[in-house]
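Read through the structure below, which is laid out as structure tokens, and then see the notes.
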Amino acid sequence: MTQAPKYVYYFGPEGTEGNASMVNLLGGKGANLAEMAGHPDLRLPVPAGFTITTEVCTYFMQHGGQYPPGLKEQVEEALQKVEKAMGMKFGDPENPLLVSCRSGARRSMPGMMETVLNVGLCSKTIPGLIKKTNNPRFVYDAYRRLIMMYSDVVMEKAEGIEPPDGMGIRVQLERMMEELKHKKGYEKDTDLTAEDLQQLCEAFKAKVKEVLRKPFPDDPFEQLWGGIAAVFKSWNGKRAVAYRRIEGIPDDWGTACNVQSMVFGNMGDTSATGVAFTRNPATGENQFYGEWLPNAQGEDVVAGIRTPNPLNKATKTEQNKHLPSLEEAMPEIYQQLLDIRNRLERHYKDMQDIEFTIQEGKLYMLQCRVGKRTGTAALNIAMDMLKEGLIDEETAVLRVAPKQLDELLHPIVDPNAEKKATAIASGLPAGPGGACGQIVFTSEDAVEWTKKGKKVILVREETNPEDVEGMRAAVGILTARGGMTSHAALVARGWGKCCIVGAGKIKVDPEKKCMTVDGKTYKEGDWVTLNGTRGIVYEGQLPLIDATENPRLKEFMALVEKYRKLGVRTNADTPADAKIAREFGAEGIGLFRTEHMFYGEGSDEPLFILRKMILSRTAEERRKALDELFPFMKRDIKGTLEAMNGLPVTIRLLDPPLHEFVPQDEDKQAELAKAMGISVEDVKRRGEELHETNPMMGHRGVRLGITYPEITETQVRAIFEATAELIKEGKDPHPEIMVPVTCDVKELDLTKQIVDRVHAEVEKKFGVKISYLYGTMIEIPRACLVADKMARTAQFFSFGTNDLTQMGFGFSRDDIGGFLPDYLEKRILMADPFQTIDQEGIGQLIEMAVQKGRATRPDLKIGICGEQGGDPDSVEFCFKVGMNYVSCSPYRVPIARLAAAQASIKASRKK
Ligand code: PEP
Ligand code: MG
């Protein structure tokens, strides 16, 4: 018989089988528990346990809830090792071991999957545990928690039961507990006596049977396997699926299940539980930062039910300064924890997020993982650790996710306006920056309102991972309860979203959709402004401003420049945009869409002339209109070349969807008729003649110049004259003429004849030498297939991945909104291909074109100017296929620069 693969990995004081590198197999939690327990530099006090691999989860999912053969035996064997290490026995009436079953995927998904604690408590083991602990209150408290959690997670959720709101088993049991407290005149859960809890447990079990029509299992092994199955099933729970969609985590990774000996933070006043970060996750400050609760179990901290105590004196806040810190309450344990903190940082060389429990004065480590952090914190931690000698420059560059830069460049509440404003409440600064929006009180409303184009602040009583979609949609999140380590705070921080939690003054009434602060009521739709960096809530709309001139950021970007090899340009259509992009570090313009002069401010006159040109019937009429348009073209091009003085500017020849410019409104039609000396009817008729069934594939781009060479000629003249004038003014312009929507080299050749002729004429007229490049967009699949020929004439290629994606997929770029959500939902696509390059398909077209193009012309300059050019994954792809530069919108330039540097570092490390 062949031996079953290894499915179960033990960790504990001796003989740990896994390590931190085995994240894919053991999940983040499992791999790090093994590392903490087993690595010779660490050997931390980790309660013994074992990890069932992610492969088992995948098997379980593919085989309708069956486990692979051999698993049972491996679990039994590992459990025996755990029993030996802990000196207790699972299910033993005298000396019972209790365990937890926890999820843990490759990437952390805080609060999105399930956990069951205290597994193994039953009528057989309860008396023994009471005898052993001499603490019946603790035992019955643990038991009532087990019943609540287990019935909710294993018997209800994992069974796919979806009770109506407020009718879930957990809520029903919570209500029973509240009723008992009320009847007895108690305030806190801790007021409940052992007898109260014992009676409550009996009542709970009766309720579970009544509601779920099954008895609560009294067999420890049934509980254990129920817990394991529930963890695996929770991989496909609603929250987990929604979170994976947002974070782009593949469905087939699966979660591991960690079965670990229970240690108890709720055994009395010398017991406690806590969560900490080795550095401040909001600001990055090099300060041990965390929260703890005396006499509590782990989920009490993260569930955001009680406002937790501060970890140490240095990190007390307005909200928790009255509560004793761990440093004050248990100084020895605090020192031990501080020492562990230092060892963990030295070992992992990164900020860690840890969970710990203190059982009757003894410290245990329950988790450590790389901590989620804001963009500000990521930047500060990277630069500090570099200075401390913990990491090298390359690692520092890799430590800030390109998307996080966005947050550093994004708005904060205008400090001047803030000085004058009156705060209505304050809470914990869980996610940075500023946000201003209309308040809504449910996750669904946040999603709905956002869809309608509104900016909303999601206000909730407490933080609840089920709100993940609403949190994502909202511009900011505000909660009345919870701490910095509550799940919602973690999630918001991971996204760099402005978030304030634990604003205790706020009384939320989700049913009436309003909140009350100091007696004043705020209704759904009222405006508030949040300062997530300081944790302050303001009434009304305060202005937001850009967070510029951060010296730390400048230092970091200087490092980025040191490692970046791929060029970064910008897509800019106005001198103003060009200027901003230059400040952000753009090295030129990769796409100047000349049509811009017909939109927006100051466009009335050129648009009017363009319309005349479009509706012209004869070359003569057209030429007249073009002559009128010429000065506008030249002015725009000159301004942009000037703003980018010394740097290349890729000017694209007109690529207007003509029908969009045909006037629909009667007044405009009349005006045009008058100017052209024709009737309104004529204007209408000519407009109708321009109608195309499929304008995206119609008379656009180079085709326009093929039919009407005078259009090309006028533009090219404007480009060369603008250049000549600048040269004469002592400037250094670098124009690159780009022909759009080409599919054959002959289009390029014909256009080039015009370019050559006009070039000679302008050089002669101005008496200057004008150098320029001539190239094409590659945005039609056929152009990729014949790229070797295209490169005979083109000196550069710029991939127009908007159109290339449109024509490669056959997905209309303007209509994809109608079906993309289904494609993402059904996992046909993992991401919107118009935002991030589809490397599998469109990527092949790109690679082929790069290779073919360079085969003809080895020094062919190649870039990208589609929207994907600012997307970090696409930037990495562009680097890998050998492009010279990417081009993106001005605000994404720093992001692209960082992504480019990271791509080079990753590539050189691979080598
Ligand atoms: C493209 O197609 O990728 C492109 C940049 O051109 P446009 O979006 O103007 O069609
Ligand atoms: Mg295009």
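Placed from the backbone N, Cα and C atoms, the Cβ positions cover glycine too.
The domain 'Pyruvate phosphate dikinase AMP/ATP-binding' annotation in TrEMBL covers 24-65, 71-318, 325-388. The annotation domain 'PEP-utilising enzyme mobile' is assigned in TrEMBL to 454-535. The annotation active site, tele-phosphohistidine intermediate is assigned in TrEMBL to HIS487. Positions annotated as domain 'PEP-utilising enzyme C-terminal' by TrEMBL: 551-903. The feature substrate binding site is assigned by TrEMBL to ARG593, ARG652, GLU779, GLY800, THR801, ASN802, ASP803. According to TrEMBL, the feature Mg(2+) binding site maps to GLU779, ASP803. For CYS865, the entry in TrEMBL reads active site, proton donor.
Spread of the substrate binding residues is 15 Å (greatest Cα-Cα distance among ARG593, ARG652, GLU779, GLY800, THR801, ASN802, ASP803). Rounded to a whole number, the C-alpha distance linking ARG593 (substrate binding site) with the residue listed as 'active site, proton donor' is 11 angstrom. Checking the recorded positions ARG593, ARG652, THR801, ASN802, CYS865 against ligand 2, the ones with a C-beta less than 6 Å from an atom of that molecule are ASN802.
Candidate binding-site residues: THR801, ASN802. Fewest other C-beta atoms within 10 angstroms, ASN802. DSSP labels the residues of the domain 'Pyruvate phosphate dikinase AMP/ATP-binding' (24-65) in these numbers: 24 helix, 4 strand, 14 coil. Each residue in the domain 'Pyruvate phosphate dikinase AMP/ATP-binding' (325-388) gets a DSSP state, and the totals come to 35 helix, 17 strand, 12 coil. Recorded residues GLU779 (substrate binding site) and CYS865 (active site, proton donor) have their alpha carbons 10 Å apart, per Cα-Cα distance. For CYS865 (active site, proton donor), the same-chain residues that are 6 or more apart in sequence and have a Cβ closer than 8 Å to its Cβ are ASN571, GLY590, LEU591, THR650, MET777, SER798, PHE799, GLY800, SER887. Using DSSP to sort the residues of the domain 'PEP-utilising enzyme mobile' (454-535) gives these counts of helix, strand and coil: 18 helix, 30 strand, 34 coil. The DSSP secondary structure for the residue listed as 'active site, proton donor' is coil. Report note: the substrate site is defined by ARG593, ARG652, GLU779, GLY800, THR801, ASN802, ASP803, and the residues of the same chain whose CB lies within 8 Å of the CB centroid of those residues, excluding them, are LEU591, ASP655, PRO740, MET777, SER798, PHE799, LEU804, CYS865, GLY866.
Within the set of binding-site residues (GLU779, ASP803), the lowest number of other Cβ atoms found within 10 Å of a Cβ is recorded at ASP803.
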